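Sequence annotations record features per position, and here TrEMBL assigns domain 'HPt' to 16-115. Here TrEMBL flags 138-245, 254-370 as domain 'Response regulatory'. The domain 'GGDEF' annotation in TrEMBL covers 410-543. What TrEMBL records for 56 is phosphohistidine. If you look up TrEMBL, you'll see 184, 303 marked as 4-aspartylphosphate.
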């Protein structure tokens, strides 16, 4: 998120605060009317329940929008109404107590006049501290050897980096520095002509003739993060750059906010967005299963008291699904009664945050919980070599995506991909080099396919790709582009250079039975048709059945 984006978020937060204050006037009028009904014995327990619900919402939201005194006063009145509601039978409250209660309700309006200040001001973050850095992928190659420089630039271009090449450090001038830098340690002028290097903070990779002490020491003096020996395997170099940049640019955590107070929920969404997260709001609890399945949140912020539903009941609904048993659920509520908090937590939640909560605390709790969930998910579901889904999880993804496509009457394509003659690669160059080839293809797939596509290592050198809202012909074109890029990559081993190719079979749910096994079998059959036809090609399933 850029500074301009952050300023836009700040303006939106200010707009929400103004909207909230405007809505308070109607809310306070409604509270006055309910208190008047209670005094005149109109509605009894139903009126008390309505008062409790509205006071609970007010105590939870007012502090967030800079009105902590109003929040505290509403909470005191809510506790009193709760005492009445929790007494069986409903007590007869004296006229004197009801008059005092109504007066206190009427006094809430005066608290709107207090100075506008952020809740938990001591905890508030200074402007800009929650701004996430924008992701960029520009790489510079500094190398005097024209042939080597062009080879590295061409290979990095295959991986979708924006690449610029320089023959000498002095050519750089006052250009904006890149995200990653590749420097030949033999380059002259790295001292006097490269003062700009001291300002570079991204990954710095040096190319050396050997891994002896002198070359490695020179790299250390330059501040290198990694060293590659000539001749350099460009695919391995691209993979290392990607790994370093991913550490800097962690993909945004996905957070689902379930709250029927839309102004307050929008405030939370903006705060989390400014902190580099991706947050969505759900105010219709009946849609929670569909939204969790489609959005795939890494944490759910759940209000305990929703109109017509309870947060603990919704948490139970989520936990009934095996795939979401480990999904973090954090309650957000103005409830301060410890016994009620414990009871709510016992229904499947992981934490309980009491409103009002500072923006800083909210961001910190969400980040810690979401990060832990992602780390555990990666250990369980992702292949350690490639970072792609393992065999079992990618089949689960296919089943889920097919179900979604069936409900939405949408197209979906599955593709089986296999590296040609991979056994020869292992036999000739060794398994370590074979792993590099697998990683290079995995990286190409991640770079060239859409974020919504699912990619798995199906086994050995075989991959499964699931492309939603995409028919077989569209998938064929995308995979053919990847095929060409993969065949252009050069791999180096002990002075030798070699290339690899891939074959792929593609099947979609428009032509074939949309059951997972049928789609997999069709894609696999098309893959073998590609192999029989000479390899290094992409074949459609219907063509393979002719």
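Every residue, even glycine, has its Cβ placed from backbone N, Cα and C.
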Residue 303 (4-aspartylphosphate) versus residue 56 (phosphohistidine) - Cα distance in angstrom: 11
Greatest C-beta neighbour count within 10 angstroms, which of the modified residues 184, 303: 303
Rounded inter-Cα distance in Å - residue 303 (4-aspartylphosphate), residue 184 (4-aspartylphosphate): 56
For residue 56 (phosphohistidine): DSSP state (helix, strand, coil): helix
DSSP three-state assignment (helix, strand or coil) for residue 184 (4-aspartylphosphate): strand
